[in-house]
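> Features from TrEMBL:
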type	residues	note
DOMAIN	303-441	domain 'Nucleoporin Nup54 alpha-helical'
DOMAIN	456-494	domain 'Nup54 C-terminal interacting'
Amino acid sequence: MRAIYCDVTHNCRSQCAVCLTCKLCLLGAFGGFGTTTTTAGPAFSFSAPTNTGTSGLFGATQNKGFGFGTSFGTGTGTGLGSGLGTGLGFGGFGTQQQQTTLGSGLFSQPAQTPAQSNQLINTASALSAPTLLGDERDAILAKWNQLQAFWGTGKGYFNNNIAPVEFTQENPFCRFKAVGYSLMPNNKDEDGLVVLVFNRKEVDIRSQQQQLVESLHKILGGNQTLTVNVEGVKTMPDDQTEVIIYVVERSPNGTSRRVPATTLYAHFEQANIKSSLQQLGVSLSMARTELSPAQVKQLLQNPPAGVDPIIWEQAKVDNPDPDKLIPVPMVGFKELLRRLKVQDQMTKQHQTRLDIISEDISELQKNQTTTMAKIAQYKRKLMALSHRTLQVLIKQEIQRKSGYAIQADEEQLRVQLDTIQCELNAPTQFKGRLNELMSQIRMQNHFGAVRAEERYYIDADLLREIKQHLKQQQEGLSHLISIIKDDLEDIKLIEHGLNESIPIRGGVFS
């Protein structure tokens, strides 16, 4: 097993089916097999303590790095790690009441135990040199074990006296790995938002929302200065519901403030409070707070256990929005299915929101039509009132000027009005045209009434045939017209030739 103790960093990525030496060269990201570290601390820890010991191939003991099932900076096992595992976002940063450093969680790797070292050695033996049968069939068995390791499932038999190795999707040789992106929360600790995931449907939560608020208030001690408020309710896959709450604390002087999210989350993580929440159907709780720049930097610098650093670096380069999104490893089809369900759920929510917006737009269009009709009606009323006001003013002016002689400006105005009246009464001017238009309108109304009484319906196929026949007739007429035009041109040419030849002939006979 010379390759196990190789401490040279290689860049090879060979897919050798028998030899595992090139595969072991990839273990620089995971610590190698039994390599002794004397200066650096855990590879994925936010703290930087010096630690001596061995770091193994698969990281920490049963490290659920890809499933995000452990906490991220909390001592109770929820927080950010659980948030990534359920698609609820991030949470749990800053809740350090039970520990002082962010060193034990998703990206930390504690010292490797001897059992882990034996497990790694057994894994290497199963993949490179099994001794189960003692002949050439061991090479075939090694290839089969490698295939199981690539798939991430199965057992690798390599020795008659040692139990087989259990291959899981967390092993670094599993090929079904990818890196996606999750939205980072932008809520501050002062907002006091805490997420509670219930194993109940959204309909049940909404129908019993008031009872839920009262139960949470009792869990908080029934203090009259505290008020529980629901920020939002959202459906999740597998008949789960996400409820976002915050608590408002009122002081005796009348002021109020929101309880910080970390404080409320720490209260919910107490043993007795957590058991009460579980009785209500709460499966997960987390504080929805934003990540600090230092936490984001630390998270991006250290690739998760089992993820190739090159792939992790490429994922950071391909991040479409580094300010809002953060790369998240995905391992196995279950994780892919979970993200697919979350995506479908978000698509349904977006479609529902689009339907609501479409209904609102239709309602606004109806209101706009009604408003336009009312505006037109009010305009007509305004015009009628203006005419009535003008008539009143005319009568009032007549009464006021009664008994006075016509002044010069009034005489000039009368002459202008007479001129306009003559122009309107002219047969070819406006009045004649108006009379003609009125007569045409009366005729159209008359014929329209007659046609309304006599309605004929034509079959669609027959109408199509008629249109086709008329089209052919139109084309025939167009062709005939073109022929007639050509013949007329020819006749004109003949006449022109005859007119030119007649004087010539007259000159000859003379």
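Even glycines carry a Cβ here, placed using N, Cα and C.
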> State the mean pLDDT for the domain 'Nucleoporin Nup54 alpha-helical' (303-441).
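So the average pLDDT across the domain 'Nucleoporin Nup54 alpha-helical' (303-441) works out to 88.
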> Where DSSP helix means H, G or I and strand means E or B, what are the helix, strand and coil counts for the domain 'Nup54 C-terminal interacting' (456-494)?
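Split into helix, strand and coil, the domain 'Nup54 C-terminal interacting' (456-494) gives 35 helix, 0 strand, 4 coil.
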> With helix taken as DSSP H, G or I, strand as E or B and everything else coil, how many residues of the domain 'Nucleoporin Nup54 alpha-helical' (303-441) land in each class?
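Counts, helix then strand then coil: 108 helix, 7 strand, 24 coil.
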